[in-house]
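K.L.:
Have a look at this one before I ask anything.
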Ligand SMILES: Cc1cc2nc3c(=O)[nH]c(=O)nc-3n(C[C@H](O)[C@H](O)[C@H](O)COP(=O)(O)OP(=O)(O)OC[C@H]3O[C@@H](n4cnc5c(N)ncnc54)[C@H](O)[C@@H]3O)c2cc1C
Ligand SMILES: Cc1cc2nc3c(=O)[nH]c(=O)nc-3n(C[C@H](O)[C@H](O)[C@H](O)COP(=O)(O)OP(=O)(O)OC[C@H]3O[C@@H](n4cnc5c(N)ncnc54)[C@H](O)[C@@H]3O)c2cc1C
Ligand SMILES: Cc1cc2nc3c(=O)[nH]c(=O)nc-3n(C[C@H](O)[C@H](O)[C@H](O)COP(=O)(O)O)c2cc1C
Ligand SMILES: Cc1cc2nc3c(=O)[nH]c(=O)nc-3n(C[C@H](O)[C@H](O)[C@H](O)COP(=O)(O)O)c2cc1C
Ligand code: FES
Ligand code: FES
């Protein structure tokens with residue numbers, strides 16, 4: 001395995017920085033808009049074999065729960081046209097082990113770390129947030145109110161605006177740092193939950209998590225995933241994600257992290273134009289571990305071609 | 001269930017027939033499960049240049065409204081990964097012209113015709129249904145409570161179970177024939193609207209219509225479709241559609257017509273196993289006008305390989 | 001099946017692809033198009049076919065030629081197809097150009113890659129009719145291949161580019177208008193970007209010159225089933241014409257050019 | 001980049017693909033795998049890579065061989081790749097087989113396409129160690145290619161098929177057990193379908209025979225970032241091992257075989 005060389009672009013004078021800044025003044029500054037999406041980037045060191053992780057804008061951890069979770073049975077992944085369906089089911093060592101073992105590993109990179117947290121009830125989120133509030137290495141929380149793979153939790157929170165509001169507020173009360181609420185697209189109108197998060201004091205929202213989906217093994221004549229249902233991600237869902245970002249941008253005052261199927265610089269530009277302030281790279285990492293580097297180069301090419309020297313000027317530009 | 005053999009398969013002894021039969025006894029018998037999906041098959045004669053239309057199970061018309069509609073401005077179509085995004089916007093000559101000009105054209109084929117109807121308010125549906133009730137060539141109505149492309153209508157009906165119930169019941173009161181309610185996947189829980197349709201007396205439901213989506217032209221920095229938003233269809237959405245069919249099958253007693261991204265015999269089998277009694281072929285017709293014939297052959301191959309002589313034995317089999 | 005017997009670069013991002021049919025195909029009319037599947041095997045991405053006008057057709061050898069510019073994913077894939085690969089195509093589709101009975105002076109006005117369908121038209125007409133060809137593009141190199149092909153025919157040809165002076169420097173429309181006083185037109189055929197079509201149409205109608213144009217609409221199916229390519233007729237907003245069935249060739253002034 | 005220098009049918013739906021690297025690649029250990037991109041150009045379908053174990057590697061010529069069976073869309077596309085095409089692959093990945101210091105009698109037990117990784121292992125071990133190879137498949141024709149390859153090595157080889165009698169008629173496990181009394185095993189290496197792994201593991205552990213097996217889990221990434229391939233350790237449900245990092249080779253009795 002050869003580690004690709006990171007291209008330093010001091011000479012080019014293109015400003016890729018982006019600031020996730022909310023009305024209330026809180027903000028998170030990234031040197032570029034690329035954030036690894038939760039659950040698709042391991043702990044950092046796995047991807048670091050392929051490229052210099054410090055080239056990223058920020059790193060998001062795999063979902064953390066209060067107690068350790070074994071995750072779902074395998075098969076946990078299936079493929080669909082231009083997409084993948086996963087039902088990992090939040091396998092993780094629990095927040096304490098995360099702090100003790102995983103966090104120090106990820107913290108060695110010079111990157112803002114966002115801790116993606118999940119729970120089975122509102123108190124879980126609060127208890128995790130309390131523990132993580134003490135960790136200086138963490139730049140913010142990404143509250144996953146959208147994982148479709150755990151029963152009794154996740155999905156239910158994310159589809160009821162009232163619930164989104166309550167949980168966000170509770171976390172806000174115990175966590176002084178930056179809070180991103182990650183929302184589910186499995187909903188009639190995502191702006192209702194996005195607005196609820198904003199009203200409860202979220203500093204940003206992340207759109208979107210996976211779409212509820214399944215595949216049937218026609219030879220065995222039963223669901224292919226051990227868990228029956230899974231979440232659809234990858235290029236297949238991009239047009240849905242772009243639409244949700246575009247639509248939410250018209251109603252929200254807090255910034256949006258856009259994700260869903262991003263594979264190229266053009267895809268990133270599309271999300272920025274729709275109104276995203278930063279973006280998440282998810283499934284593409286599974287296919288191409290060093291994708292972030294290629295995507296960064298493609299973004300720069302676009303900016304050069306369009307004679308723009310600030311990436312931030314693209315944000316929301318498709319609305320004019 | 002059904003012992004009759006489709007005319008073309010006498011030698012093969014494979015029974016492809018399927019009966020869309022509801023609890024209340026009403027039923028629609030098809031010689032095979034392949035129905036053209038509304039809006040993707042023109043008037044019949046366009047596809048008839050490519051294959052013998054009588055090989056199909058049934059034919060669904062393009063959406064019909066009370067008055068003629070010019071449809072949306074162009075561009076009306078964009079491409080996404082393994083999918084297409086359309087915003088045709090129900091271009092059609094209105095129900096009277098449909099009856100006078102289009103219906104006779106389609107009626108020359110020896111096929112059950114399903115009239116897909118749309119409206120901007122509940123009364124529109126009722127008025128169209130009254131006019132169509134007199135047309136003997138029509139075997140049933142497909143009530144489109146899900147088109148995301150018309151403002152003020154379509155989508156709103158389809159996302160509120162109460163509305164679905166009311167409209168379905170009103171149509172039921174004026175239309176004595178077979179009524180299929182076609183539902184939108186842009187909803188938190190499609191089983192709520194599916195159950196509402198069933199309770200109001202629908203004879204079947206069709207799942208799914210397109211998912212709300214968009215594409216931004218990054219060169220022009222604005223939405224690519226003249227209408228901004230469109231509906232995503234094609235292979236990209238198949239895992240979402242299969243899941244909705246599977247989930248609805250567990251709650252409904254009326255039959256389900258499954259559609260969304262079907263391209264092959266295997267895809268049809270997947271929908272049948274999930275619980276569909278028949279299926280719609282949509283976007284694939286755009287790519288491969290004679291797809292239905294290939295798909296029929298693939299279905300037969302599957303049945304032979306699995307030593308099944310009745311297609312109907314597959315319906316819902318993945319639930320065991 | 002159709003086998004590719006040539007697929008070569010003939011200009012900046014411009015390719016000529018020649019296909020040989022192994023069974024007789026219907027003879028296309030100039031202005032008709034084919035819908036090409038741009039992926040191999042069972043890949044579902046890209047999903048849709050791509051429409052291309054006939055650049056040339058030889059009924060004896062059953063060779064069909066398209067000239068295309070690489071602009072996106074589909075054309076990029078097409079350009080990677082190799083000699084010997086087979087290609088899945090549907091056609092001929094749509095309504096082509098009307099061939100005149102006894103018009104005296106025919107003008108063909110083409111811009112950019114829109115020149116492609118005019119070559120087959122010119123080849124079919126060149127022996128019987130008096131043809132004047134006006135072609136424009138951004139740069140001279142884009143025109144080289146076309147110039148060479150058209151110059152083999154019996155017709156007068158004038159070229160223009162935006163970036164450098166050839167017979168003229170400017171648009172194909174400007175070139176045409178400049179020559180119009182000396183070279184009267186009885187009927188014109190126009191193909192190029194929608195903006196150009198609009199401008200030429202306006203000038204032609206103002207001068208009472210009759211003619212036809214070929215539109216490029218985004219197409220879903222190319223066979224009339226999806227209504228993606230619907231054009232509004234100038235008569236009435238409710239009279240719609242599908243570019244893939246009633247077009248892509250329309251009379252000047254027949255449909256709204258709204259893009 | 002990696003160029004394909006051979007891709008040929010060697011059995012029923014079984015292909016041998018040989019790839020030449022133009023820059024030095026890390027020497028794979030037997031049991032390690034590569035993750036192959038099975039589409040061309042920018043097609044996003046199929047999306048994921050496909051994992052294949054190293055069948056052979058020549059560090060001097062930098063030639064890497066895989067042997068694969070066409071079972072679905074990805075392998076079908078792979079089989080259509082031509083000599084001269086380039087291939088995008090990642091690897092070597094995962095943890096391979098432990099090479100023994102001074103074991104006396106090593107048994108390699110392979111079933112179906114699971115035989116593939118055992119060849120490279122046998123080739124690396126054949127000179128120093130005493131090897132007995134037990135291979136099973138549905139039919140004899142599936143084994144022909146493997147038989148020919150293994151027979152070039154210094155080792156004893158026995159074959160079985162379900163459909164016809166070779167050295168035996170039945171499973172690879174049955175064949176192995178039948179020979180075990182005469183031919184004691186100090187260490188075994190097993191690869192094949194999960195059901196076979198489970199059965200062999202049970203018999204081996206019952207006899208206190210140590211060894212390793214290679215699992216085939218559906219993989220999302222092959223590099224440890226997605227947890228698709230997570231196996232439950234026998235010690236505790238909360239101790240998870242990724243087939244792509246801590247595996248695909250595990251000790252007998254190390255992980256639950258639950259499929
Ligand atoms: C009747 C007709 C004849 C044509 N003849 C020619 C020809 O002879 N030579 C040539 O180079 N081009 C021709 N075009 C344009 C050609 O179809 C597009 O350039 C091509 O489809 C672009 O595909 P892409 O995947 O590379 O681009 P992408 O932008 O990736 O394509 C995405 C989608 O948009 C559509 N699309 C993009 N650009 C156009 C366009 N200009 N017109 C129509 N659809 C478009 C594609 O078909 C596809 O569905 C013709 C178009 C039409 C409608
Ligand atoms: C570590 C490892 C080594 C392997 N080595 C070999 C080898 O040397 N030779 C060989 O022929 N096969 C090998 N396999 C299996 C091979 O990866 C699959 O047969 C192949 O991925 C099937 O792809 P497909 O697109 O043709 O099938 P599809 O069924 O269309 O694939 C759909 C998805 O399921 C996955 N999948 C399907 N079957 C399997 C399977 N049996 N194991 C893992 N994933 C699967 C695919 O990777 C893909 O993501 C190995 C698998 C693993 C995990
Ligand atoms: C294998 C896998 C694991 C994931 N795990 C998580 C998770 O733990 N927490 C979370 O919020 N999202 C998780 N996601 C969702 C992604 O972060 C992302 O929102 C989604 O995949 C859409 O982006 P993409 O299309 O770029 O992958 C996971 C996605 C995948 C594919
Ligand atoms: C171009 C186009 C036009 C459509 N028009 C209609 C319509 O008029 N009425 C309707 O109920 N559905 C309409 N649909 C939705 C399809 O009938 C179908 O539900 C959807 O496309 C999903 O199936 P598919 O993925 O196989 O295309 C249209 C879809 C497309 C692609
Ligand atoms: S492209 Fe489908 S109707 Fe013309
Ligand atoms: S396949 Fe992704 S972690 Fe192993």
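Using N, Cα and C of the backbone, Cβ positions are placed for all residues, glycine too.
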K.L.:
Of the candidates D:191, D:244, which one does TrEMBL list alongside D:221, D:226, D:229 as binding [2Fe-2S] cluster?
P.N.:
D:244
K.L.:
Taking 10 A as the limit, how many CB atoms besides its own sit near the CB of residue D:75 (FAD binding site)?
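P.N.:
Around the Cβ of residue D:75 (FAD binding site), 18 other Cβ atoms lie within 10 Å.
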K.L.:
How many Å lie between the Cα of residue D:221 ([2Fe-2S] cluster binding site) and the Cα of residue D:52 (FAD binding site)?
P.N.:
13
K.L.:
If I take the Cα of residue D:226 ([2Fe-2S] cluster binding site) as reference, which of the binding-site residues D:50, D:52, D:69, D:75 has the closest Cα?
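P.N.:
If we rank D:50, D:52, D:69, D:75 by Cα distance to residue D:226 ([2Fe-2S] cluster binding site), first place goes to D:50.
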K.L.:
Sorry to bug you, but what's the C-alpha spacing from residue D:50 (FAD binding site) to residue D:244 ([2Fe-2S] cluster binding site), rounded to the closest Å?
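P.N.:
Per the Cα atoms, residue D:244 ([2Fe-2S] cluster binding site) and residue D:50 (FAD binding site) stand 12 Å apart.
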K.L.:
Looking only at C-alpha atoms, tell me how far residue D:229 ([2Fe-2S] cluster binding site) is from residue D:69 (FAD binding site), rounded to the nearest Å.
P.N.:
21
K.L.:
Taking a cut-off of under 6 Å between Cβ and any atom of ligand 6, tell me which of the binding-site residues D:52, D:67, D:75, D:221, D:226, D:244 pass.
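P.N.:
From D:52, D:67, D:75, D:221, D:226, D:244, counting a Cβ under 6 Å from ligand 6 as near, the near ones are D:221, D:226, D:244.
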K.L.:
List those binding-site residues among D:50, D:75, D:221 whose Cβ lies under 8 Å from any Cβ of chain A, in sequence order, or write 'none' if there are none.
P.N.:
D:221
K.L.:
I want to check the contact list for residue D:50 (FAD binding site): same chain, sequence separation of six or more, C-beta distance under 8 angstroms. What comes out?
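P.N.:
Residue D:50 (FAD binding site) has long-range Cβ partners D:35, D:36, D:38, D:74, D:75, D:78.
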K.L.:
Max CA to CA distance in Å over the FAD-binding set D:50, D:51, D:52, D:53, D:67, D:68, D:69, D:74, D:75?
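P.N.:
Greatest Cα separation within the listed binding residues comes to 15 Å.
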